[in-house]
Amino acid sequence: MTISHTGPIDTASDTASDTDAAFTLAYDGVDPRDEGLRETLTSTGNGYMATRGTAEWEEADDVHYPGTYAHGLYNRATTLLGGVPVHNEDLVNLPNWLPLKLRIGGVEVLRLADVEILDYRHRLDLRAAVLTRHLRFRDREGRETELVSRRFTSMASMHHAYLEWTLTPLNWSGPAEVVSAIDGRVTNDGVPRYRDLEGVHLHPVGAEFPESEVMALKTRTRQSEVTVSVAARTRVLAVGRPVEVPRSDFRTPDHVQQTLHLDLERGVPVTVEKSVALFTSRDPATGDTLVRAHRSVARSRSFESALAHHRESWNRLWQACDVQVFGDDEAQHLLRVHISHILQTCSPNTADLDAGVPARGINGEAYRGHVFWDELFVLPFLTYRLPGVTRSLLMYRYRRLAEARAAARAAGRAGFMFPWQSGSLGTEETQEVHLNPMSGKWDVDLSHNQRHVSAAIFYNVWQYITTTEDTMFLESQGAELMLGIARFWSSVAHYSSDRERYEIHGVMGPDEYHEKYPGAAEGGLRNNAYTNVFVAWICDIAAHLLDLLPAPRADAVRARLELRDEEIERWKDISRRMFVPFHDGIISQFEGYDDLEELDWDAYRAKYGDIQRLDRILKAEGDTPDRYKLAKQADAVMLSFLFGDDELRRIFTRLGYEFPDDAARRMIEYYDRRTSHGSTLSYITHAGVLARFDPDSSWERFTVALRSDVGDIQGGTTREGIHMGVMAGTVDLVQRFYAGMRAEGGMLHLEPNLPGAIDGVSFTVIYQRSPLTVTVMRDEVVIRHRDGVIDATPVRVRVAGRERLVAVGGEERFSLA
Ligand code: BGC
């Protein structure tokens, strides 16, 4: 097969309807059971803020949940649970800017439950995250009305969101009212499991009508004292021209609204435009947030002009970020759903914020908007396309070094110990207890022992630097971050003179089902293989890191960390003498894993059907997963996912252990049978590891991950927010595992493993500041060096063992025949 099309499509110029379908997430009809999920999946975000796809007229209830969130904006609250103070920090649900309500004859006519729906279509145009609702309904008086609602959160102008209604009375004429509001009476109430915990985060400050068309509301978060102001300008247009209509204003300190009095004529459409500006006291160039929001919204563009500007920004993003797979339309479509949501959460607008990668995006309240280790799965997508965004997300960690240092010290360690769940301050935000919905009981939560998050941060910085060669970042922040983490691990490891090796005790791996040894009083395990091997790798990189810097910069980093030569010597020693547990010729998940009991998987499947959440099942039975050879998600297997065979062989050889050629295959065979995939991240890891020796079974896992959010396979979790790690992980599988791309030794390597289900893949990456289009088909790989950057340089590539230089503006073809 020869390649005719070697680049992401120009989304702006594609108007064919099949392409529209590939870029649309569509729902027909109303289904109350599905509405929460649709609201999440059709949310509109721009990396600065996001709003759920709730209909404008709905309030929070068991079906709907309007929520608006700003990236990185948290508040802490305390609940007395049985007299015990429980502290939680939440991504704050901000004032709802959506409300538009239709009243006819003094009665609210647009409650879907009260009208007869003649037509209802709900769409998200993925090209630009534009939400459209198209509906026709008949009210109790027999009046038929058509409403087309469109909205977006501007990618081009990050503080702005726009909403437009086009109303047509189909068989009636007469007076009607549209109520436009900003509602500050909101709480965090989106996750039923958290409802016993305090959800009030906002204090009302006041409401104003600074201009006849503009209303504004100011609130302040109760503990973090962030001022948030939302202003809205509502206008009426007839035949495209603004018209004056009578308005009545109403406000309380936490709610503001304007009622527009319209005279509607049968068959004549009228448009209502609501433009919104949101500013917080965390924003630069902002004094009084209300003044800023008011001024900004008063100057905002018309809906159409703002939409064109917004589409143009998205179009450029797709040029950089689209990933094409040929031969599987469903996979293509879902990848685009994922890319759209990743960019709605982390976009160039995020690059100026102090915000991390929230595991569940910014369109729901699951995990309280906290930042876990999931960026490990997200950054590879961003680094290859929007490296400035990755840098900013790494800066979120760097800015929290003081807390990481204090946490290490409080635990009797040195260096930087990052929290398992991070929010505003960078302190540990993991809850102390969590509710098991199966038993209704609050269980102790030991997951904060997942110290591997600090290893992931080290890895992320290193990947960013190898991919971008951003030596400035390495010099000014990266090296300090990495070496402080190495110092932490060195202080956690202790030398066992019996084994003559280093050991790590008291931590948990990514598999959260093993919190401690059966019957043990203390949490944590001995020698979790994922952690130990990772630390051996970290110590090796760290020991040589300063050699990469010019002497004065290396000295500055040393001085800042007060680094001693003995420390570096100890890192070298750890990289050669870390202990790794084995049993039956494979790496044990942790020391003592072999002594655990085998679970009767068939019996549990027969009894419960879905056994992904074996932790809840076993605990509800009065048992504990700690007793069994099982895993929530990939743990030891993650090593193959992160490092690949060559790197693992180097690590193991340095450690004096054997690493047989079939080690990865044997590991995945063993653990695959014992993993419940209770976190969908696990499908990503298993798919990645299987790609090399069983691409088709890898594709099966990939497909599960791909469908997991859109199909809500965990039964209700996606309505509480997307899964960022899985969404980005699927896209990363295409580039790093199916195209087999990795940056190493100053070269871009490609070792394709295309599954039988697809004919090929194509995407654009930025490698060492040069934009490249990579196309991998069954019989050929094409790498095109696209011009467009000032300091582009030729790029060295190695495809299936052959090395070549791709000239600036040039193209290299590699036959795979
Ligand atoms: C997973 C973690 C993950 C977290 C947030 C949990 O279910 O086990 O690995 O970091 O979700 O996505």
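For all residues, glycine too, the Cβ spot is worked out from N, Cα and C.
So that you can see what the record holds, here are the features copied from TrEMBL:
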DOMAIN    27-282  domain 'Glycoside hydrolase family 65 N-terminal'
DOMAIN    336-731  domain 'Glycoside hydrolase family 65 central catalytic'
BINDING   Trp373, Asp374, Lys632, Gln633  substrate binding site
ACT_SITE  Glu512  active site, proton donor
DOMAIN    741-803  domain 'Glycoside hydrolase family 65 C-terminal'
| field | Fewest other C-beta atoms within 10 angstroms, as judged across Asp374, Glu512, which are the recorded positions | value | Glu512
| query | Far apart in sequence but close in space: which same-chain residues, 6 or more away, have a Cβ under 8 Å from Lys632 (substrate binding site)? | reply | Asp511, Glu512, Tyr513, Leu614, Asp615, Pro625, Thr675, Ser676, His677, Gly678, Ser679, Ser682
| query | What is the average pLDDT across the domain 'Glycoside hydrolase family 65 N-terminal' (27-282)? | reply | 96
| What are the DSSP helix, strand and coil residue counts for the domain 'Glycoside hydrolase family 65 C-terminal' (741-803)? | 0 helix, 37 strand, 26 coil
| task | Note down the number of other Cβ atoms within 10 Å of the Cβ of Gln633 (substrate binding site), including every protein chain shown. | result | 24
| query | Near the substrate site, what residues other than Trp373, Asp374, Lys632, Gln633 in the same chain have a C-beta no further than 8 Å from the centroid of the listed C-beta atoms? | reply | Phe372, Pro510, Glu512, Ser679, Leu681, Ser682, Gly725
